[in-house]
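A.B. asks: Here's the feature list from TrEMBL:
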DOMAIN    29-418  domain 'Major facilitator superfamily (MFS) profile'
TRANSMEM  25-47  transmembrane segment
TRANSMEM  53-80  transmembrane segment
TRANSMEM  101-118  transmembrane segment
TRANSMEM  124-146  transmembrane segment
TRANSMEM  158-184  transmembrane segment
TRANSMEM  190-207  transmembrane segment
TRANSMEM  242-264  transmembrane segment
TRANSMEM  276-298  transmembrane segment
TRANSMEM  305-323  transmembrane segment
TRANSMEM  329-352  transmembrane segment
TRANSMEM  364-386  transmembrane segment
TRANSMEM  392-413  transmembrane segment
Amino acid sequence: MRSEDSANMYDNEYLGKKSLNKPKFLSLSLFLLLQGEFISVIGNMIYEIGLGFWVLAFTGSTAIMGTLMAVSLVPSVLLSPFAGVIADRSNRKKLMVSMDIIRGITIIIVAIAAYFQILQLWEVFIAGIILGVCGAFFNPAAISILPKMVPKEKLTNVNSLFGIANTGADIMGNSIGGIAYVIIGAPLMFLFNGLSFIISGILTNFAKIPKNIESEITSQNFISDLKESITFIKNLKGLSSILLIFSITSFLEHMTIVLLIPLFQTSPGLGPAKYGISMASFTMGMLLSMIILSVVNLESSKKAPLMFICLCLSNLCFIAFALTNEFYVMITLLFLAGIAESVIAVFIMSSLQSIVPDNMMGKFIGIVEMLIMSLTPLAMVTGGFLAELFPIKTIFLVCFTASFLVSINLFFIPSFRKFITFNPEKQDITDLMS
């Protein structure tokens, strides 16, 4: 089949004609989903902070801490493509609710064990695996429902709204997380997260989410769906090169993410409270950026140059972060990096949701997540072990310098500009197909 015919097949069969009855931009159901997102992210952030400091206090090892974070990601990486197929062929709302409830119950059990001081490291690892499995099924379902709930030309705005919910929750979680660990301890922090997932599941259950076409999942159509998505990815010009670059930068960045808590815990004059302030500063930058993106209808032609500026700004801020010991300079740099990171995330997600057909969204996102995140567990383990051999700030400096040099190559790929500036109102998907 010629590439043009293939493109037309996707365009006509899956994208269809523009509906006269477009979904509303804002609705009660969208508000319920936003509330659920906000509550669960606050809880999750508090849990991660509490768990990080608990593991570090329990073991004193950055290597074990990195391994624990990696273990929770392995199921998500391995299961993402398969979970995406299931999300496209099953009731996405029921899938999201059930994953939230399972995660909530799991973390409440961890909280009870920690409260009675019987929590063991292996139990935390098992809980991490369960959370990873649930996340693998929840994420593609959650991403897939948004294009059905709002007009495509509003995807940047609605992704920014969800970004606001996420980053606002991050600010609250980070702001109180370090202090909460000192005042109430890890067990109650764990309990809060467990309850937040339960509440999120209840709110999602009350939301009216447009149903996707459910169908029986068999080994034959399972394999067929995966092949269809892989073919779609191959036919998008330059996507393989784009995914390779994001995979490398993701690897480098996750080597440092696992070391943030040890950096603040071991650096004189920092500690848990200042860790919380620093992460809150980063997420406040993200929040400011997403508030602007949620109300401003940016012209598609301006997205590529803005994306380039933000990629450079983000990496340069993190490089400077590694070179300073001044706390107020550190939080300023993190604030600026947060602004840049949110623009990058919103533009990429909005472009994907505009391009990919609804019945393929879950499995497409699953495959893309697997390709980009496949090296993340290794990155976290590597970062943890390297921190026992080299200064943490040296690792930061090397990783973000390399990330900067790799990421600027995106703008030498012509198809990347077309991808970021794609406008579903004026362009056809055939413009992006090889």
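Using N, Cα and C of the backbone, Cβ positions are placed for all residues, glycine too.
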A.B. asks: For the transmembrane segment (305-323), what are the same-chain contacts with Cβ under 8 Å, counting residues 6+ beyond its ends?
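C.D. replies: Sequence-remote neighbours of the transmembrane segment (305-323) are 256, 298, 329-330, 333-334, 336-337, 339-341, 343-344, 347, 393-394, 396-397, 400-401, 403-404, 407-408, 410-411, 420.
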A.B. asks: Could you check whether the transmembrane segment (190-207) packs against the transmembrane segment (276-298) - three or more CB pairs closer than 8 Å, residues at least 6 apart in sequence?
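C.D. replies: Result for the transmembrane segment (190-207) with the transmembrane segment (276-298) is no.
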A.B. asks: Could you tell me the mean pLDDT over the domain 'Major facilitator superfamily (MFS) profile' (29-418), as a whole number?
C.D. replies: 77
A.B. asks: Give me the stretch from 242-264, 276-298, 364-386 with the greatest number of Cβ pairs under 8 Å to the transmembrane segment (329-352).
C.D. replies: 276-298
A.B. asks: For the transmembrane segment (242-264), which recorded stretch in the set 101-118, 124-146, 392-413 gives the largest number of Cβ pairs separated by under 8 Å?
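C.D. replies: Looking at each of 101-118, 124-146, 392-413 in turn, the most contacts to the transmembrane segment (242-264) are made by 392-413.
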